[in-house]
Amino acid sequence: MLCPKVPSFMAHKLLRCQLQQINNIFNCSINIVPHHGQTYTTSNQTQPISFVPNSVPPSENELAELQDLIQKSKRLLVLTGAGLSTESGIPDYRSEGVGLYARSNNRPVQYTDFLNKAEIRQRYWARNFVGWPRFASFSPNVSHHVLSEWERVGKVNWLVTQNVDALHFKAGSKRLTELHGSAHRVECLSCENKISRNEMQKLIISQNPDWHASSIEMAPDGDVTLTWEQVEGFTVPPCQKCGGIVKPEIVFFGANVKKNIVNFVYERVAESDAILVAGSSLEVYSGFRFVNRAYDQKKPVAIVSIGKTRADKLANVKINAKCGDVLSAISI
């Protein structure tokens, strides 16, 4: 994947203002109408919605503690979660008051249901299809760019993200593991053929020339809310090589991260000398285990996340504030 040019570290303050404008633009309703192989998008501006929970700015003492921990680290491991991308306008699941679980009764698709029920796959792909143009257009925020810059100057030895939005790639990070995969890739569950999500979008359009639907609410993984009635008549393209079932190359709820990826990240933890968690409650074990391993190895743990996390008792430093406000204040 091509990575855009990373803006200079001094440009982050201006970038933050620009990103707020982007968030205001993207919080709008989307209507996708496929017709004769083309996709027409219309949007109606609505009142901007913030998916970032309320918080207070970090104190000088908190920033000084984090500055000291990061300054001393020579091989920093960073673990990021959905709370990092909420400042780009992408909702998360668990944030108090503004996460999907707080705003809606909708729940993510379980992996076994996706595998075993054709109607679940139909509904999933219809929702994902409508949401894709908006989801694909989200941009990195100041935190993504700061971490990319830290990697460039040698501060970040490795970055592990639980997010599937590819915003770290867009920001220029290269020493990166996408723990839960990426919504920007699609895989066949039979022959393992892979295509880009944009290619999948074209296939869906070609097989659904007269189908259309609209929705306002977006989920963290890019799909939107549609009724069963709206999904009627939607055709899910099979794998173009073998006719098998295709899904985004992400770890669905109820599935496990591949063992080789888990072991690879454990190796990165072993070679690190400190770990920074940014924007994650660590409620999902797939991420928490790496923080627990670092703690067992007596390595300093810093957490920047709004609200309680599963690893608060393991942290040397915990800052309950926006990632962008904290990370942009650290000097390298």
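Including glycine, each Cβ sits where the backbone N, Cα and C put it.
Values in this document were obtained by computation on a predicted structure and should not be read as measured data.
Record features, source TrEMBL:
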| type | residues | note |
| --- | --- | --- |
| ACT_SITE | His180 | active site, proton acceptor |
| BINDING | 81-101, 162-165, 279-281, Cys323 | NAD(+) binding site |
| BINDING | Cys188, Cys191, Cys239, Cys242 | Zn(2+) binding site |
| DOMAIN | 56-332 | domain 'Deacetylase sirtuin-type' |
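Structural mapping of features recorded in TrEMBL.
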residue: Gly81; record: NAD(+) binding site; Cβ within 10 Å: 28
residue: Ser85; record: NAD(+) binding site; Cβ within 10 Å: 27
residue: Gly89; record: NAD(+) binding site; Cβ within 10 Å: 25
residue: Asp165; record: NAD(+) binding site; Cβ within 10 Å: 25
residue: His180; record: active site, proton acceptor; Cβ within 10 Å: 21
residue: Cys188; record: Zn(2+) binding site; Cβ within 10 Å: 19
residue: Cys191; record: Zn(2+) binding site; Cβ within 10 Å: 12
residue: Cys239; record: Zn(2+) binding site; Cβ within 10 Å: 18
residue: Cys242; record: Zn(2+) binding site; Cβ within 10 Å: 13
residue: Cys323; record: NAD(+) binding site; Cβ within 10 Å: 28
Alpha-carbon spacing, Ser85 (NAD(+) binding site) to Cys191 (Zn(2+) binding site), which is rounded to whole Å: 32
Any further residue of that chain within 8 Å (Cβ to the Cβ centroid of Cys188, Cys191, Cys239, Cys242) of the recorded Zn(2+) site: Leu189, Ser190, Glu192, Asn193, Pro238, Gln240, Lys241, Gly243, Gly244, Val246
Mean per-residue pLDDT computed across the domain 'Deacetylase sirtuin-type' (56-332): 92
Asp165 (NAD(+) binding site) and Cys239 (Zn(2+) binding site), Cα-Cα, nearest whole angstrom: 23
